[in-house]
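Working notes for the structure below.
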Amino acid sequence: MAAEGERQNLLSKHLERQVKILQSICKNDSEACNLLDLGYILEKNLFAPADSRKADSGPDPQLNFFPPFLTPECLALHYPFFLTTSIPPSCKGNRSGTDTYSQFCSRSSCLEDIPDPSEWDDSLGNVSLMAELKENQKLAPLEEDSPRTTAVDESKCSSKQSYSYPALTFPPQVQKILFDYLIGESQDPNDLDSEYKLAFTDEDLPQEGQAEKTKQRETLGAVATFGAVLLSIQRLFTHPVVIKNTQESLHYTFLHGFVRMVHLLTEVNLSEFVTFHGLTHRNRLNNPVQHRQLEGADRFDYILDTIYLYLVFAWQTAMDIWSQTIDEETERNLRERVKSLKPELAGANYAEACSLVSNTVFPPLLREALVVNIPDFVNQTQLANFRLFINNKSNVPASVCPALPSDFIPLTYEESHPVLWAHVMLLRLAAFLLNHGQYVQAPDESSISLPLCDCNLCAPHRMPCYNPMLLNEILSIGKFEVRGPDTEGKGFSLTPQVFANAYMEKFYSEDFHPHQVVLYKDDKAQFKTEPTAAVIREPKLLALIRESQTRREKSILKRGGGRYLDPQTGEVLGESSHGIGEELQDGPSYGEKPSHDLPSYGKQNPVAGRGLQAAGERVRRDAGSPSQPTEQLGRRTPQRGGTGRDKRGRGRGGRSATPDPRQETAEKESLQGTRRESS
């Protein structure tokens, strides 16, 4: 009751503050009540008030903001559990130049078998040391180390013994049930002298001899501690839809591939959009291209670590969603189901027991529900803060020590203690996703003639260099307008926003290889679907538009010499078929134009969601295209409903960003493209 009263009190204070703000606005601004954009009113009066004098009627509600750069505690409440243990000598930081590291970096498949937990050795192994190790030194300076890892091993972390790994477990309620029925009932910390009750007594186990019974108890303890959750993680993250969604989200995170192409054509930065529990947020303070400033091993390590943290964050988000749905009745039913497994578990081996427990506590129905809702769109700033949070918990001062969380994780199961196998799995999956998404190979320059990405999401269908019809369509953006016989009827023009919405839906599941690295540039025979344009699917119509455009430009040039400017746009005719095709840079010069000055889509803003179904329907209505959308792997249409305790995780994308009405006119003018040719 006390907690309920406290929540009501906090809600009352919040509502009281909002009422004070609105009352003060309506009193001082006569136009406020007539305006429809409440967000603009609050922005105008909170961040740029006309009268900044101090009020005499108590604390100013406008100044009740969260302290800058202070991490909110609600972030820690998301999943604040850590596993603090000794750093294994076989960690990634001690494997430079070894065959294990080379095989790890070139991973081309995400499907693998998990060995028996009794087969492991996390010793340093055969490595080329630069100097003799000190007593209890965990990180060894190696001859093949990069400058970053050398700094970490030799000076910054030479005496570090342990690290805090973010927890990769089931929700606490589920984990406690497994411990109670597979290991033994939890003891009261104040009553440790009482007799400990084992989950499986000697009479419950069919094995002969005390040694065999003890071994079976250890096996079931391993299943409860890490075996069942390890199998559940593997089943979730190797699901084809999750791999597709993860790669799509990582393209947003790194402004990579087709997301980079949209930015090149429309100057809209989709990496500003992030999602969490079904709501879409826009944050303009993110820098999505900082990884392009790195080279060699540093670039590989940074991208690998970012993807690893992304997977950790995705699993913890899924467990957070699941945890909130577990009520007393659900917990009671789960206890009964796990208890009913005991006769089968008593005689099962490790693999069989893991499968039984995982199928019970993490059934296919739950897995399918999570598949369509994770992972979220996450930007690099979020993951950088997550990295800092983990290092702070591990006593690693990030300002002077360039250590990454992935440096402390072994590369194979055989070289790791089983309690870290979940981290080994996610790190190995991160290496596969890195190669599968071609993030390290991204070019520094941006041009429609360059392969910005060779992954299955982009090549060949979304890359103009591999898709001639798509290239012709891009060169026709803003170059024509089609009208019907009725002059007052609605016409069609291929605008950047119409093209972008259709372009982002351009995905063919039959050409997507989720479990293997199959690149179009290396093996074209593996791709069956013929590349087409995004909006104008009829090749003859597209060719006619391009021919008409070229013929008109040649006709203009025949009238005389010199340079001819388009009277509407000022474009130099005859020098470039379309301004979009020019070589543009968005690498080191990304920060020359602040992201908040970039034009948005106005009323057709692209949503950072899976497949952009709603946007695609709008494109087809505008274009009048009879083509049907292709069947896609991905999520359901983003929901616009609330996200209360009973609704969290049900929708994707949520609300799209609302454009600023003060910039709407300028945005429309900036997206007009070049001149239009009437029929």
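Cβ from N, Cα, C; glycine included.
What Swiss-Prot records for 661-679 is compositional bias 'Basic and acidic residues'. Per Swiss-Prot, domain 'RRM' is recorded for 235-353. Under the heading phosphotyrosine, Swiss-Prot lists Tyr252, Tyr564, citing sequence analysis as support. If you look up Swiss-Prot, you'll see 178-232 marked as region 'Binding to host EIF4G'. If you look up Swiss-Prot, you'll see 552-679 marked as region 'Disordered'.
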Secondary structure content of the region 'Binding to host EIF4G' (178-232), with strand meaning DSSP E or B: 28 helix, 2 strand, 25 coil
Residues in the domain 'RRM' (235-353) grouped by DSSP into helix, strand and remaining coil: 83 helix, 8 strand, 28 coil
Cβ atoms near Tyr252 (phosphotyrosine) (within 10 Å, other residues, all chains): 23
